[in-house]
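J.: Got a structure here, written out as C-alpha cells. Questions coming.
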C-alpha cells in the first residue's frame, strides 16, 4: 500500500514510508554479498579536508545504495526515462542500466522512454523499454530516446505524468535539465502525488557542482587527445606553425585543462575562469612570439567560453538557445583571425591550423571508465527510487556515491579553481603566462579599441567626469587624496603604493570605478601571495 509522503530531516529531499522487504534478498546476484544494504543514517561528508582548529558546520549526504526495505512493489511501478539537453558520451549506457536494473534486480516490467526530451511528455512520444531492445545501445553514441533543448512546461509535464499513472521518473540531463527536474518535483509535491523524481546529472563540461565528476567527461578528455595530436603534427610540420584547438567548456575549463595536462604537447591553455589579454608584456602575442622563436611551432587549446569579454567588444551577441544559454561567439575563429592579422601586418610567416572537434567528441560512445561510472549512477538511482526517495540526484562525493538534493547541484556551477594545485600543475607544464593582471589589461585594450577614452597624463590621473579642482578641493569634496609625485607614489586614503599599474587603472574611470579596480588589484595581489605560499610549503 502506498504510504504518505514525509520530509527527510535535514536532507532537503523527501522519502515515502517504506513498507516492503527488498526483493534483493531473493536475487541470486546478491546472494554472496555481505552488508550490501545501506542504513538510513549512513552518510558521507561533503568536505573531508577541514581546518583542525575550526572544522565549522559539516554538511552530509545520504550514502547511496540498496535499502533493505522498499516503497514500491514491482507490479506497482510504472517508470519512465527521459534525456534532455545536448549529447554526451554515456547517455545510452545510463538508459540501458536503468532499464536492466529495474527489470533484473527489482522485477519491474512496465518501463518506457519519453522521446525528444521534455516535450515528449505532453507530445505523447513514448517507446517501450526492456532488456532486449536496449541490450547493445551502450555501444552507440547519442541517445536512442532523442533529446531537445527547452520545451519545459511544468504543468503540462506533471499533467502527463498523472494521466499516465507514472510513479517513477528518471531525468537525465545537465544543469538546466536538473532545474526542470526540481520544478517537476515541487509540482508533484504540491499536488500530493506519490511520484518519485530521480535526476541523473549529465554534463560533458564537468560543470555540475558537489559531485566529483560527471559522466562523459573522461571520454571527452580522451577523445580531445586526437584533436590535440593532429594540431601538434600540423604545427611542427611547417614554419612558424600554430595548431589551435577549441574544446567544450562554456563556463568551465575542465576539459581544456585536463586535456592539456594529459597531452603535454600544449603550450597555451585558455579557459573561461582566467581572463587573458593580447597586447603588452606578458600578453598572448608576446608569449606566442617567444614560443615560436624558441621552438618554431606551438599548440594552443582554448575552451569555448574563454575570452568572451574580448570577442563581445566588437561582435556583440545577445541571442540565447532554447535552454536559455547565451550563444557564444567562436573564440577559436576570433583568435585565429587576430593572430593571422598580426603576423600579416608584421609581414612575418604564420601557418595556423584551426581544429574544432566539438561535435565529434560529444557524439561518440563512452569509454570503459565512463561505461562503468554510468552503470553505477543508474543503479544507485534505481535503489534510491525503489527505497522511496524523491527529489534527489545521484553522484560521487569524495569517492562515495550519495543521494543529493537536486537543489544542491543547481545552486552554482563547478568551475576551475585557479588557486588550486591542478591549475598550478598546468602552468608548470605549459610555462604560459598566469595573466594575473588580465582584468586591467582587458579594460585598457577595450578602451583603446573602442577609442572611447584616452589614458590621461600622469599629473591628471583622475576621472574625466570629475571637474578640475585643486588637490585640497578634491580632498574636501570626496574625502580622497589622489595625486602624482615624482616618485610615482599614489595615495588613496591611507593606502600607499608605488605601483604604476594602480595609478593608470584610474585613468578614464570614475572615482567609484577606481575603488572597484583597487579592490580587484588587492585581490590579485592576495591571490599571488596564496599561490606563492602554497608552492613554498609544498617543497
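Backbone N, Cα and C define each Cβ position, glycine as well.
Any TrEMBL annotation is an automated prediction that lacks curation.
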J.: If TrEMBL says 149, 150, 174, 175, 176, 177 bind ATP, which of 86, 90, 101, 107 does it name for the same site?
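T.: For the ATP site that includes 149, 150, 174, 175, 176, 177, TrEMBL also lists 86.
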J.: 203, 204, 205, 248, 249, 250, 359, 360, 361, 362 show up in TrEMBL as binding substrate; which entry in 76, 97, 115, 304 does that record put in the same site?
T.: 304
J.: Using the residues the record lists for substrate (203, 204, 205, 248, 249, 250, 304, 359, 360, 361, 362), what whole-number Å value is the largest Cα to Cα distance?
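T.: 17 Å is the greatest Cα spacing among the residues binding substrate.
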J.: Which of the binding-site residues 203, 205, 304, 360, 362 has its Cα nearest to the Cα of residue 150 (ATP binding site)?
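T.: Comparing Cα positions, the candidate nearest residue 150 (ATP binding site) turns out to be 203.
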J.: What Cα-Cα separation, expressed in whole Å, is found between residue 175 (ATP binding site) and residue 304 (substrate binding site)?
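T.: Here the two Cα atoms lie 18 Å apart.
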J.: Quick one, of the binding-site residues 150, 174, 249, which Cβ has the fewest other Cβ within 10 Å?
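T.: Looking at the binding-site residues 150, 174, 249, the Cβ with the fewest others within 10 Å is that of 150.
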J.: Does residue 203 (substrate binding site) have same-chain partners at least 6 apart in sequence with Cβ under 8 Å from its own Cβ, and which are they?
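T.: Result: 88, 174, 175, 214, 216, 217.
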